[in-house]
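Record features, source TrEMBL:
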DOMAIN    32-89  domain 'Mur ligase N-terminal catalytic'
DOMAIN    107-299  domain 'Mur ligase central'
BINDING   109, 110, 111, 112, 113, 114, 115  ATP binding site
DOMAIN    322-448  domain 'Mur ligase C-terminal'
Ligand code: ATP
Ligand code: MG
């Protein structure tokens, strides 16, 4: 964080110093909302949680090294008391961002935000110090916490921005206005939350672009030319637009010669207005080509040369935490751990990836997709059709609500496919333990609520 006194923090958050707090006390480290993970010298923000309330842990946070507590109720000094701690974190982020020399980059989209943010972090690090969102902390809390991670020498501040509905990104941009906005795609994630369907999702994401600075003031919009709903956002932004595409584009960044290795790594030739360069991603799945192109367009717009970008993309570590993670067991079975989350787009991308990788047998273990509202039945039916057409040897569905729709649709589409419908992941584990053989390739994917990472963990211990 940029160093701030307790008095400055109180002024920025419209709060008051709790008696006994030295106004000149200096806060130098980032903020935290978990008293067990405070940054020594940083702010501890006391918030009500699901199981406990941060206010009860203020003393523990100070004992663990926090310099100052931000609270909505009386707590021991040193502390600043405010009306609303979440709003105060936002105010503090705004205050800090106004004083940061960093270029602020916002990334939104239905799919691939974290992957793209992690790629961008690794590529832009070749140009200067980067601060970025931790994991997917992309909401009204995670966003300010990320801003507070920046230091005076941060050159790029990369913010993952999740839109939970209309007005959400406008709110985040009101706290800290990015100089650069990246819109990856408009898919079907969280469709159930949008009464007006994909039009609503597109409108929610476009809020990142309307608030960008004009081209004259350095505003830059990085847009996906292949997604019509994203392409249609171009007239909404006053910023300069840079395009990326999977097809030749007259003045954008694009990929040619895209192919996927038998182990699933995506390779392509990066074409830029400045020249071409080969890229071999360490990420699994063709769908990451789009994420990599977005990063290439971003980095080019920020002044990196195309050779550096291509080399940095090829060296970038894949995101962890169940996003197409490859786990090779001692007995030669390969697990494709994609259980972090699922929606219709990422399910389709994962099945395509599975179908292009080489293996003795390809097995998909699919759980239910959450948050689709009225679209749930249709989406699970469609997933079954896709699974039947994906060249699988075995399909295992997990769940009792919408999962049977996957199995039924797959059965209707491809009656000779080996389909096993089980109620829960314990039953899936029992089946898999029985049938898995060396060189089998197993995709495991569902929405986060299904917690299939436990199944992955149980299967990995072999
Ligand atoms: P969240 O909204 O949960 O934070 P996210 O947008 O940050 O998600 P990632 O965490 O990068 O997305 O990826 C989530 C899942 O989507 C993974 O299974 C990943 O393989 C898949 N995915 C990533 N990029 C794309 C894409 N461009 N198209 C389809 N699926 C994708
Ligand atoms: Mg994310």
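Note that the numbers count up from 1, one per residue, in the order the chain is shown.
Just so it is clear, glycine is given a Cβ too, placed from its N, Cα and C backbone atoms.
Heads up, TrEMBL stuff is auto-annotated, nobody curated it.
Location within the structure of each feature annotated in TrEMBL.
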residue: 109; record: ATP binding site; Cβ contacts under 8 Å, 6 or more apart: 116, 182, 183, 184, 185, 186, 187, 205
residue: 110; record: ATP binding site; Cβ contacts under 8 Å, 6 or more apart: 184, 185, 186, 187, 188, 189, 190, 201, 205, 343, 345
residue: 111; record: ATP binding site; Cβ contacts under 8 Å, 6 or more apart: 184, 185, 187, 189, 287, 343, 345, 346, 349
residue: 112; record: ATP binding site; Cβ contacts under 8 Å, 6 or more apart: 184, 185, 287, 288, 290, 291
residue: 113; record: ATP binding site; Cβ contacts under 8 Å, 6 or more apart: 107, 136, 138, 160, 161, 162, 184
residue: 114; record: ATP binding site; Cβ contacts under 8 Å, 6 or more apart: 133, 135, 136, 160, 319, 323
residue: 115; record: ATP binding site; Cβ contacts under 8 Å, 6 or more apart: 283, 288, 291, 319, 323
* So which of 113, 114, 115, listed as binding-site residues, have a Cβ under 6 Å from an atom of ligand 2? -> 113, 114
* Give the helix, strand or coil assignment DSSP yields for residue 111 (ATP binding site). => coil
* Mean of pLDDT values spanning the domain 'Mur ligase N-terminal catalytic' (32-89) -> 95
